[in-house]
């Protein structure tokens, strides 16, 4: 049957779907309005069941008579169970993923709207606060975030009755806050848990503030690198702590794949080496990590102490990875299916790194092209940036994000160990590091990264 006012044929307009952001949404409603809507639906279903009213047109009918000819007893009231699924809200706060033609979206005020999808996740699926093991030097973390407005009304008859479950699913196009659901907005690929919180505003995330990172973000917003980093929207207070209000880089992606690439030939500051020599602090946890990778790595003295210093561990870690050879290393990957991996500690050669990127992109030539263009854009911007020229960039990462709709983006993140140089000093970022020259090898790593992706594009 054709409903009045509804066109025949396909119900969805041509091109509509998760990758077509042009559909209009229903008006936004508050959580209170949603609750009232739900309660009204509960009351209506219960009243209909109590009155013995027939099911809605189109529902599967059961026999109205039992074998002995007596009328079938009215079923017990059916109470819907509310399930709010958690998807990504897609209103970027600043430069977001590129559009389908590869153009980068404009800054604040732009909107990338996508149709919502039903999901099988529920309020009881709270998830974990940490996806992967903590890293000793990175601060990328997960967070709770604003939920998408996907609602399922699941109605079930009394469990004592021998009947099938009936599910009534409705999709409500309005964003709601779900305090019971955690969305991995900033994926915990490598870092300390608890660094991030939900901002309560679409497209934003809160990161625990540190003086060095706050200093850097303020200056980056006035530098040519502004479009290459998460947009910074000031400091807010939550639970007695200060948080940086940042752009949620995963906003606007549908089932994103994420890769964290630690840049530079070292991830420790020169002053850390100095302090370690003056007041060496032994770390048993880092000794255990070293032992797990290579039992022969610790010296006899370290075996006896069953501990190593942090700089010693980090120098060893960089030596077994591609940091010292290529100027970057892969910290972790999250795929669209939610599976994560940080097993890249010994990924050292160019060939090994190339295979990892190839698997990460799964042969998507368009994503590869966009990644390559974005990296070249970032390199061009870094080379003219006054901020970059006058800062030692340590422990910072490039965050790669793409989805099945061929959206792809790369951003510089994590500036907690980025420090200004003395007046008059500038860095080349490609020269070999020697203690005292403060070179970080950032551009050396970026050159190699671009070369690896370019070689994949030529295949």
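Cβ from N, Cα, C; glycine included.
DSSP classifies residue 260 (ATP binding site) as strand under the three-state reduction. Summarising the annotation, Swiss-Prot assigns ATP binding site to 195, 207, 247, 248, 249, 260, 334, 414 and lists similarity to another entry as the type of evidence.
DSSP assigns residue 310 (substrate binding site) to a helical segment in the three-state reduction. A simple way to gauge crowding: the CB of residue 310 (substrate binding site) has 20 other CB atoms within 10 angstroms, across all the protein chains here. The annotation substrate binding site is assigned in Swiss-Prot to 262, 283, 310, 311, 312, 313, 314, 315, 316, 317, 417.
The annotation compositional bias 'Low complexity' is assigned in Swiss-Prot to 116-132.
The omega-N-methylarginine annotation in Swiss-Prot covers 35 (among others), and the record cites a large-scale study or a structure entry as its basis.
According to Swiss-Prot, the omega-N-methylarginine annotation covers 55 (among others), on the basis of a large-scale study or a structure entry.
Per Swiss-Prot, omega-N-methylarginine is recorded for 62 (among others).
The phosphoserine annotation in Swiss-Prot covers 135 (among others) and is backed by a large-scale study or a structure entry.
Classification of residue 195 (ATP binding site) by DSSP places it in coil, neither helical nor stranded. Per Swiss-Prot, phosphoserine is recorded for 195 (among others), and the stated evidence type is similarity to another entry.
Annotation source Swiss-Prot lists region 'Disordered' at 1-29 (among others).
Annotated region 'Disordered' per Swiss-Prot: 49-164 (among others), in sequence order.
Secondary structure of the region 'Calmodulin-binding' (285-293) per DSSP, as helix, strand and coil residue counts: 9 helix, 0 strand, 0 coil. Per Swiss-Prot, region 'Calmodulin-binding' is recorded for 285-293.
If one looks beyond the region 'Calmodulin-binding' (285-293) by at least 6 residues along the same chain, the residues whose Cβ comes under 8 Å of a Cβ in the stretch are 136, 302, 305-308, 310, 313, 316, 320, 345-346. Taking the Cα atom of each, residue 316 (substrate binding site) and residue 260 (ATP binding site) are about 20 angstrom apart. By the criterion of other Cβ atoms within 10 Å of the residue's own Cβ, the least surrounded of the binding-site residues 249, 314 is 314. Among the binding-site residues listed (207, 248, 260), 260 has its Cα nearest to the Cα of residue 314 (substrate binding site). Looking only at the region 'Calmodulin-binding' (285-293), the predicted model's pLDDT averages out at 95. Between residue 310 (substrate binding site) and residue 414 (ATP binding site), the C-alpha separation comes to 19 Å.
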